[in-house]
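Engineer: So TrEMBL says this about it:
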DOMAIN    96-242  domain 'Phosphoribulokinase/uridine kinase'
BINDING   Gly101, Ser102, Val103, Ala104, Val105, Gly106, Lys107, Ser108  ATP binding site
Amino acid sequence: MARLSDPSPYVEFDRTQWRALRMSTPLKLTEDELVRLRGLGEKIDLLEVEEVYLPLARLIHLQVAARQALFATTAHFLGDSNGEPSQNPDRPVPFVIGVAGSVAVGKSTTARVLQALLARWEHHPRVDLVTTDGFLYPNAELSRRNLMHRKGFPESYDRRGLMRFVTAVKSGSDAACAPVYSHLLYDIVPGEKQIIEHPDILILEGLNVLQTGPALMVSDLFDFSVYVDARIEDIENWYISRFLSMRAGAFADPASHFHHYSTLTDEQAVFAARDIWHSINRPNLIDNILPTRPRATLVLRKDSDHSINRLRLRKL
């Protein structure tokens, strides 16, 4: 039985309780597909997909259907004088999901797995995924503002541009354009755009997507949100392990912005990774990302081995 933690706004589940909520939802994801979705250092397997992500996909599917019915009812209410609904029934208002969490916690894998599972339902086959990395200011602009050392912090993003993009998608724009970020170049790719056209579901993944403010924020447009959580010490270890893997992988590419790290010894690489973590990623997590966790619809809590064994669902 799930634990109702009054006066907490959440219902808490362990993995055994949560997996029962899958009901008869079929698994349509193969091992080969999962390998392609898995991020560097992630250990997600098909069992976790079955026990954690399928119940989550089922919950979101039910909420999409309910939200589409609500919008249809509202559109009918706002119909013209002949009583005809003003909303095109073939183009329901997109359902927007936010996925938040620290660097190296696995939020990108969570977003990709959700996209793959949700797109297999015939009622919402078009599921687009956009990362907020594309809304970072270009390096030239960050340098002009003396913000290169704050890259990834809220002030390093074009928040107005992000808000305009999500608003355009949510309001049914024929096409909304998102800038494209290259992790290889560590910068926005000039002239390259990701075109989003009438998705059934939009997943927006990023560090600070649940942030609030005095004005309307992108999180105010979410229909559902997920926060991927773990102990800070575990995330630090995952970040260092990922850094070591990238030293021999992506950093080895001469075109990589971080190519200079590829020649470091293990000891030097660990020192560099730990320095980056404590000077940038940890402060950003504590000051800006972690405080947004209570806003999430669902919190996925990871253990030190990356497995998800506890969940907290906001009460409706």
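The backbone N, Cα and C atoms fix where each Cβ goes, and this holds for glycine too.
Can you tell me where each of these features sits in the structure?
Structural biologist: Within 10 Å of the Cβ of Gly101 (ATP binding site) there are 31 other Cβ atoms, across all protein chains.
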Engineer: By a 10 A CB contact count over all chains shown, which of the binding-site residues listed here is most packed: Val103, Ala104?
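Structural biologist: Output for this query is Ala104.
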Engineer: Around Ser108 (ATP binding site), which residues of its chain at least 6 apart sit with Cβ under 8 Å of its Cβ?
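Structural biologist: Non-local contacts for Ser108 (ATP binding site): Gly39, Thr131, Glu205.
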Engineer: Which ones in the same chain are close to Lys107 (ATP binding site), with CB under 8 Å and 6+ residues apart in sequence?
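Structural biologist: In sequence order, Val99, Ala100, Gly101, Glu205, Val226, Val228 meet the Cβ cut-off.
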Engineer: So what's the average pLDDT for the domain 'Phosphoribulokinase/uridine kinase' (96-242)?
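Structural biologist: So the average pLDDT across the domain 'Phosphoribulokinase/uridine kinase' (96-242) works out to 96.
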Engineer: So how many other Cβ atoms are close to Ser102 (ATP binding site), meaning within 10 Å of its Cβ?
Structural biologist: 24
